[in-house]
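Trainee: Have a look at this one.
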Amino acid sequence: MREANVYSEIVPHTVTAADIAAKRPAGIILSGGPSSVYEEGAPRLDEGIFELGVPVLGICYGFQVMAVALGGEVAKTGHREYGSTAVRVSAGARGGAGFLLDGQPGDQTVWMSHGDSVAKAPEGFDVLASTDDTPIAAFANDGRKLYGVQWHPEVKHSEHGQAVLENFLHRAAGIPADWNSGNVIADQVAAIRAQVGSGRVLCALSGGVDSAVAAALVHKAIGDQLVCVFVDHGLLRRDEARQVQEDYVSATGVRLITVDAEEQFLAALESVSDPEAKRKIIGREFIRVFERAQADLVAEAASEGDPIRFLVQGTLYPDVVESGGGAGTANIKSHHNVSGLPEDLQFELVEPLCTLFKDEVRAIGRELGLPEVIVGRQPFPGPGLGIRIVGDVTRERLDLLRDADAIVRAELTAAGLDSEIWQCPVVLLADVRSVGVQGDGRTYGHPIVLRPVSSEDAMTADWTRLPYHLLAKISNRITNEVEGVNRVVLDVTSKPPGTIEWE
């Protein structure tokens with residue numbers, strides 16, 4: 001939707017028609033899902049949504065829910081369709097008889113993922129498309145502006161999927177393509193000013209894109225009311241602390257205070273290997289450091305009559321969704337931006353990016369004039385290398401992982417692939433010892449995992465097919481140059497089922 005320059009929000013299936021009406025949406029899209037409409041406890045929706053007079057598009061499971069709700073039938077046909085599937089669009093549908101598939105080729109490849117199928121369309125609906133195993137792959141009632149497709153138009157594997165979405169958004173729903181990063185900046189600047197007023201604000205700079213753009217956005221809104229604090233927790237990659245202090249300050253001119261808290265974080269993480277526990281400890285210690293760091297700032301602000309009450313966080317939309325953002329969603333894992341905060345948190349949160357995806361954050365950063373070295377930086381988690389060590393975190397393990405990570409980043413840059421991949425986490429399997437032969441003797445070292453992934457918004461991702469010669473060079477350098485490592489492996493898992501980070 002946002003690629004079509006239309007703003008959108010995600011709400012749970014339990015939302016009522018009245019709640020939807022109160023939001024005054026221009027269109028509604030019902031998403032796909034893994035359930036069967038006939039399963040006990042399968043997600044349902046308030047059928048009054050179809051009576052609001054708002055255009056609705058059902059996708060995959062949403063298509064089937066719509067069919068059943070409006071009097072159609074869904075059945076287990078015995079035929080399942082997963083992956084690339086050939087679909088045939090009717091001549092009328094592609095020739096201007098309706099909005100949804102108008103202008104599309106008669107034969108095209110789409111991405112399917114379903115076991116059940118719509119066996120009978122609701123009364124008043126025209127069948128628009130079919131496959132060999134699915135006679136009703138799309139339907140429409142243009143008079144009521146209700147539409148559905150069995151395939152997934154939102155994924156790139158559906159050749160003309162974006163055109164389907166844009167036909168629904170712009171033609172059926174009549175939504176103009178006028179949402180862009182400039183709109184977001186103006187809206188957020190106004191929202192920040194309304195929330196903060198003349199108050200003083202703290203922001204943690206982690207070295208990543210999210211916190212950098214969040215801080216720049218807040219600084220644009222309130223200027224010198226913002227003070228940025230860079231907590232060097234000792235979990236950063238090589239040279240990252242220096243880059244934060246030099247690159248960001250020179251680009252924005254914001255006031256930056258650096259706190260060296262490495263010893264505190266390492267002490268708190270001692271002998272802790274559980275991933276969730278590490279995330280929560282890191283989140284907790286971040287806040288504790290802030291509470292101490294603010295002492296001088298509070299005294300300064302108090303002398304000026306402006307207490308510090310606000311904390312900026314670079315929370316993104318995927319962080320909220322993955323942390324279980326509503327009924328019917330699963331908590332995939334806690335995020336440092338939305339979990340692990342102590343109950344006695346003394347700040348009111350300012351989260352200017354919490355409705356945005358990573359690619360949108362980068363666009364806003366460029367619009368704000370941040371240098372490419374900052375906005376083009378590969379994503380790096382707030383808990384840093386602490387969650388890229390599978391096992392407990394020690395100074396020695398951090399140094400080992402930094403060396404391996406530096407080699408990977410240098411080789412990707414030299415190969416000109418920085419813009420081709422989303423990110424490449426380098427993971428140390430610290431709790432695993434692998435037997436090897438180096439020199440004339442047997443060794444027991446730790447494996448290093450390479451996790452190159454391609455994505456646009458971090459909600460889904462696929463592993464990046466790096467050239468074999470590059471993988472060989474990276475492996476040879478790591479096993480020869482990083483003491484304690486005798487094996488390099490490649491993670492070839494997509495998301496889903498795996499998340500991008502190992503922990």
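Numbering starts at 1 and runs along the chain as it is shown here.
Keep in mind that glycine also has a Cβ here, set from the backbone N, Cα and C atoms.
Okay, so Swiss-Prot annotates it like this:
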DOMAIN    1-178  domain 'Glutamine amidotransferase type-1'
ACT_SITE  Cys60  active site, nucleophile
ACT_SITE  His152  active site
ACT_SITE  Glu154  active site
DOMAIN    179-377  domain 'GMPS ATP-PPase'
BINDING   Ser206, Gly207, Gly208, Val209, Asp210, Ser211, Ala212  ATP binding site
Trainee: Between the Cα atoms of Ser211 (ATP binding site) and Glu154 (active site), what distance do you get, rounded to the nearest Å?
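Mentor: Counting only the Cα atoms, the answer is 28 Å.
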Trainee: With every protein chain in view, what's the tally of Cβ atoms within 10 Å of the Cβ of Asp210 (ATP binding site), excluding that atom itself?
Mentor: 24
Trainee: Reduce the DSSP letter at Asp210 (ATP binding site) to three states and note it down.
Mentor: helix
Trainee: Compared by Cα position, which of the binding-site residues Ser206, Gly207, Asp210, Ala212 is the closest one to Cys60 (active site, nucleophile)?
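Mentor: That would be Asp210, the closest of Ser206, Gly207, Asp210, Ala212 to Cys60 (active site, nucleophile).
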Trainee: Using the recorded ATP site (Ser206, Gly207, Gly208, Val209, Asp210, Ser211, Ala212) as reference, state which further residues of the same chain have their Cβ within 8 Å of the centre of those residues' Cβ atoms, listed in sequence order.
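Mentor: Counting only non-site residues, the set is Leu205, Val213, Ala214, Gly314, Arg377, Phe380.
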Trainee: Average the pLDDT scores across the domain 'GMPS ATP-PPase' (179-377) and report the rounded value.
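Mentor: Taking every residue in the domain 'GMPS ATP-PPase' (179-377) and averaging pLDDT yields 82.
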